[in-house]
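Report on one structure; see the data block that follows.
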Amino acid sequence: MRMCAPVRGLFLALVVVLRTAVAFAPVPRLTWEHGEVGLVQFHKPGIFNYSALLMSEDKDTLYVGAREAVFAVNALNISEKQHEVYWKVSEDKKSKCAEKGKSKQTECLNYIRVLQPLSSTSLYVCGTNAFQPTCDHLNLTSFKFLGKSEDGKGRCPFDPAHSYTSVMVGGELYSGTSYNFLGSEPIISRNSSHSPLRTEYAIPWLNEPSFVFADVIQKSPDGPEGEDDKVYFFFTEVSVEYEFVFKLMIPRVARVCKGDQGGLRTLQKKWTSFLKARLICSKPDSGLVFNILQDVFVLRAPGLKEPVFYAVFTPQLNNVGLSAVCAYTLATVEAVFSRGKYMQSATVEQSHTKWVRYNGPVPTPRPGACIDSEARAANYTSSLNLPDKTLQFVKDHPLMDDSVTPIDNRPKLIKKDVNYTQIVVDRTQALDGTFYDVMFISTDRGALHKAVILTKEVHVIEETQLFRDSEPVLTLLLSSKKGRKFVYAGSNSGVVQAPLAFCEKHGSCEDCVLARDPYCAWSPAIKACVTLHQEEASSRGWIQDMSGDTSSCLDKSKESFNQHFFKHGGTAELKCFQKSNLARVVWKFQNGELKAASPKYGFVGRKHLLIFNLSDGDSGVYQCLSEERVRNKTVSQLLAKHVLEVKMVPRTPPSPTSEDAQTEGSKITSKMPVASTQGSSPPTPALWATSPRAATLPPKSSSGTSCEPKMVINTVPQLHSEKTVYLKSSDNRLLMSLLLFIFVLFLCLFSYNCYKGYLPGQCLKFRSALLLGKKTPKSDFSDLEQSVKETLVEPGSFSQQNGDHPKPALDTGYETEQDTITSKVPTDREDSQRIDELSARDKPFDVKCELKFADSDADGD
């Protein structure tokens, strides 16, 4: 039952995912829209799917592989195109592709999928080529294809929608993709002229994999003598250990040896070193499991003892948009392959488990191990010399029982409401000498998250919208060359180049420190936030604190204020701009905090302050503060200061004679203070209204606070047209016309309701009296009376069919006037006699029913 634990964890995750998602919400501190920061773009009209990126650090050139084209652009400014070459599909191939049921407009094209360095003067390029994958060599000098047209089967996918990955190792291409047209035969292969290898076509080896990443880890100088280089493949596949009604996906890491040459008799031209293990990325305390692998990045840095794998995961049932980042050390991965237990296929009754741990003897040399000095000492100099027993064991047991666990046994980052697609990681040194890992993670909506791994937390520094449209980022590339650090992102529409930091966007020392960006520091000398490692000046005196402590920011700049004049009874809007998503905006007036619950105040966008019904008591100084909590400490900084003065505007009645002589311009000047409700200046001559200037400074207080006045540009114009504020007396005719129209409409509706009878009973009597004189109105029970008459007449009709005479209907008491004249009034005795003469079959069905069945005749019994 131990093997069912991962599955139980997955099902538990599916149950608690909605409950636990709320807790995983690290919000980016800053959000940059597409036009707010300096981004460089490259796009060629008519070309799409920029999914292959390759950097040449020596030449400062970025190679871009797109649909039917390859470009070379300047790595420092990708908008500068250097070279281009097109690789289009012939019409004949397009027609043959369309005959196979594929789209001629979208699928039967040449999508560049492999773009790898072959030598210093050439690139190895492969494309889907209308479902006929083809590879060629691209000469970098002439930037033209050499026309080799090699078969790309097993190196490049047939379908552009199928997964793929590749890496060039020593001039040999290692790739993971599909091997046939349908994509039903997955393969991990090595393209070599002297020793090509591939995986066994068997479900235990690869079961519907989705390839994500591949890279080579060279042997360590401190490792055992004679150790071989290893190539790692990362993918997600359908589980072979468990079987359910749905396909359970499992993330894997597989390893092959560079020196593998296949077996002599068993596993000929097949990998003899292929082993795979499960990757664990889960939160133990919540049971949340992330089992869909999206991307992997290998972090290599001089300060690291060994490479670290950073991987992006999402849950299989990701209906709430959860993503996670887990990190794995190379030693942990190698320990599973070199010392871990194997699994074997078994049938367990009444269980979903299909594979269990193998506890039997393991052959020597160890199956799946690379040829090292120990194997050579035992005369196993090559995989061709390995015994069949070892090779058969590898063929039957490619899956490891032990799993690869992440660092600290938990994800580095869990983020909700986002789907991460790609990741790159940079290791940088802060001002205090500490090294930090900074992750750049792209989303399926074209955004880039930047997060730094601190001692006890992961801080999401910022979110940058790379593309105007919310399109997924297909690939990420990091250039960490000293003095030139950029992130390149490719999507379906183009490529975007972004710097690793936007330090210049932080306008104050507090804001620069609170960003907790290891790339940024505050320079008191130039009073600006600068980028580390890119400034030639000395860093002496720079301020940076990764804990967010702003106590070192002693250089307080002079505080400026905005002065406003408003009329009594109006509404004032005081603006405050705060960029941090982690900060809370607080408004203070006379050392007291203003609350939105008060009917006196309101907030626009949780930042700007609205003051209603201004009075003399509202005059004073209003301060907008930003309170941001960092590591159980609240950091407060002043964002804006407003000096508000409320004045009573005297109303002088205009002279009747002078009012007629006034021009439209004089009216505006005299009524300007009344019309100004959003922050106009006090009443001044008309010349001042046309030439606004800075407000007069108030006298300095005894507290000694240095405040520098700031010119106020009102949010509304100083001059308003009178007709936009008041309704002229000459326009009363418009109001009277409107009222008259409403009255006529009311009369029409009333007349229509009277005609249709859609009125209460009293009104109907009044209507009848007016229209019909003394005629008695029709009773409200006329419908009921008619129903009674029809009920009493119907039996007579049936009796007439049987040859009997029809019986007269009962007297209802509502005969017409002519009927009462031509007939006499019946007595009580006659009425009772007529009722007794009614036969049983003439009575209503619901009075007396002796029928056995509803559709039978009464006389048929």
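The backbone N, Cα and C atoms fix where each Cβ goes, and this holds for glycine too.
Among Cys529, Cys553, Cys624, the one Swiss-Prot lists as the disulfide partner of Cys576 is Cys624. Here Swiss-Prot annotates a disulfide bond for Cys512; of Cys503, Cys529, the partner residue is Cys529.
Of the candidates Ser103, Ser666, Ser701, Ser782, Swiss-Prot records phosphoserine for Ser782; the remaining residues carry no such annotation there, which does not rule it out for them. The record in Swiss-Prot lists a disulphide bond between Cys520 and one of Cys503, Cys553, namely Cys503. Of the cysteines Cys257, Cys281, Cys509, only one is given by Swiss-Prot as the disulfide partner of Cys370: Cys257.
Recorded disulfide link (Swiss-Prot): Cys97 to Cys108, out of the candidates Cys108, Cys126. The candidate set comprises the disulfide-bonded residues Cys108, Cys126, Cys135, Cys520, Cys624. Of these, Cys126 has the most other Cβ atoms within 10 Å. Ranking the disulfide-bonded residues Cys281, Cys370, Cys503, Cys553 by the number of CB atoms within 10 A of their own CB puts Cys281 at the top.
Residue counts for the domain 'Ig-like C2-type' (555-636) by DSSP state, with H, G and I taken as helix and E and B as strand, are 3 helix, 44 strand, 35 coil. Note: Cys326 (disulfide bond) has non-local neighbours Leu279, Ile280, Cys281, Phe290, Tyr310, Ala311, Phe313, Pro406, Ile407, Pro411, Lys412, i.e. same-chain residues 6+ apart with C-beta under 8 A of its own C-beta. When secondary structure is read from DSSP and collapsed to three states, Cys108 (disulfide bond) falls in the coil class. DSSP states for the domain 'PSI' (502-551), grouped as helix (H, G, I), strand (E, B) and coil, give 9 helix, 9 strand, 32 coil. For Cys257 (disulfide bond), other Cβ atoms within 10 Å of its Cβ number 22. Ranking the disulfide-bonded residues Cys512, Cys576 by C-beta neighbours within 10 Å puts Cys512 at the top.
Around the Cβ of Cys97 (disulfide bond), the same chain contributes Val89, Lys104, Glu107, Cys108, Ala130, Phe131, Gln132, each under 8 angstroms and 6 or more positions distant in sequence. Annotation for Cys529 (disulfide bond): spatial neighbours Cys503, Glu504, Lys505, His506, Gly507, Cys509, Asp511, Cys512, Ala515, Cys520, Ala521, Trp522, Ser523, criterion Cβ-Cβ under 8 Å with sequence separation of six or more.
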